[in-house]
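Here's the structure we're looking at; comments come further down.
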Amino acid sequence: MDKQILILRGDGIGPEIMDQAIRVLHTIGETFGHSFHLTDGLIGGAAIDEAGTPLPEETIEKAKSSDAVLLGAVGGPKWDQNPSNLRPERGLLGIRKALDLYANLRPVKGFKTLTDASPLKREVIEGSDLLIVRELTGGLYFGRPSERRDNGNVVVDTLHYTKNEMTRIIKKAFESAELRSKKLTSVDKANVLESSKMWREIVETESKNYPDVTVEHVLVDACAMKLITSPKDFDTIVTENMFGDILSDEASVLTGSLGMLPSASLAENGVGLYEPAHGSAPDIAGQNIANPIAMILSAAMMLRHSFNLDAEATAIERAVEQAVNNGYHTKDLQVEGGTCLSTTDMTDQIIKQITKE
Ligand code: IPM
Ligand code: MN
């Protein structure tokens, strides 16, 4: 198989973890006989520095003519004081919108040997395995342009959704739940927000089309609590953009580190984008200590969702699991014993497992 992949390294640890995902992809290409053609593009702070904008038009064009996009991370203190249209994050939000990447899938699955890396009790998290389906192109992130009024004494951010935007992500979540254990938790704030009331109505209507999926509604505050007191009660969670952002960081605690969480951002028809759920971690950038696993697992999600290469994706996932179970980890994981490795050495261990299979 011949595929074109747009590589957006971005900022902070983005470039160094991307290099590791590329090494893994080359190994997969060699092992399974595929050619992955990589093209570089600019996004985030790197794009601001080189092209004066966080999302050059050229990047969007390259993305649209690729088979998939891999993205590292964006942001850093260097651009923190920039006006909002010149912030690296704008690049990320812009490409999500430009490619209509409405469905963000964030699987959260812990590894056995890392159970003690989580501050949560072993019996609480052991065996937890869930999928957060986050709406990615609407809500507070994409309301009317935010404004400061009345000499800066009033600020307005708007939460905007159309019925179609809600319906398509809810359908996607039902479809995802059907492929898993057929339990869907819809998370909202229907006791307060009108948007959540509409969301709940749509979930109820759509549930009739998926009779084998059990649906429950949970308010976001209660969900935040239950996620860490009884994570095993969840399987597939669907929620709007901002709630999904917050809950996915929280859920990463189950795995021991945000550095373990991959994600896929999918469009209805069109190119998909794959990126770790974590940020650019500027404090540890360039030191070869970042955890490459979320990025590598994001590449695996790309193989599965965009290229239909299930065996290849599984090979990466198994290799990661094997390497971790052999006691190898990176510095972000607070585990006793085992061997703490650099970014590149951790990747060596993963590649070793792939070539062994
Ligand atoms: C994420 C990130 C982004 C988001 C930021 C960097 C804009 O936190 O992908 O979860 O809020 O969506
Ligand atoms: Mn986030």
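Each position is counted from 1, following the chain as shown.
Using N, Cα and C of the backbone, Cβ positions are placed for all residues, glycine too.
Since we're looking at a predicted model, the values are computed, not measured.
Taking a C-beta cut-off of under 8 Å and a sequence gap of six or more, Ser84 (NAD(+) binding site) has these contacts in its own chain: Arg90, Ser146. Per TrEMBL, NAD(+) binding site is recorded for 76-89, 279-291.
Residues or ranges marked as substrate binding site by TrEMBL: Arg96, Arg106, Arg134, Asp221. Packing around Arg96 (substrate binding site) is summarised by its Cβ count: 22 other Cβ atoms lie within 10 angstroms of its Cβ, all protein chains included.
The Mg(2+) binding site annotation in TrEMBL covers Asp221, Asp245, Asp249. Shown in sequence order, Leu258, Ala277 are the residues of the chain, 6+ apart in sequence, with a C-beta less than 8 angstroms from the C-beta of Asp249 (Mg(2+) binding site).
The domain 'Isopropylmalate dehydrogenase-like' annotation in TrEMBL covers 4-350.
Taking Cβ-Cβ distances under 8 Å and a sequence separation of 6 or more, the neighbours of Tyr141 (site 'Important for catalysis') in its chain are Leu93, Asn241, Met242. The site 'Important for catalysis' annotation in TrEMBL covers Tyr141 (among others).
Take the CB of Lys189 (site 'Important for catalysis') and look out to 10 A: across all protein chains shown you find 18 other CB atoms. Per TrEMBL, site 'Important for catalysis' is recorded for Lys189 (among others).
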- Among Arg96, Arg106, Arg134, Asp221, listed as contacts of substrate, what is the widest Cα spread in Å, to the nearest whole number? 27
- Note on the structure: Sequence-ordered list of residues in the chain of Ala281 (NAD(+) binding site) that lie 6 or more positions away and have a Cβ within less than 8 Å of its Cβ, or none, is Gly12, Ile13, Ala73, Ala290
- Query: What same-chain residues, at least 6 away in sequence, bring their CB to under 8 Å of the CB of Arg134 (substrate binding site)?
  - Reply: Asn104, Leu105, Arg106, Thr239, Glu240, Asn241, Phe243, Gly244, Asp245, Ser248
- Message: On a C-alpha basis, identify the one among Arg96, Lys189, Asp221 that is nearest to Ile289 (NAD(+) binding site); the candidates are the recorded positions.
- Response: Arg96
- Item | Tertiary neighbours of Gly76 (NAD(+) binding site) (same chain, Cβ under 8 Å, six or more apart) | Asp11, Gly12, Gly45, Pro88, Ser280, Pro282, Ala285
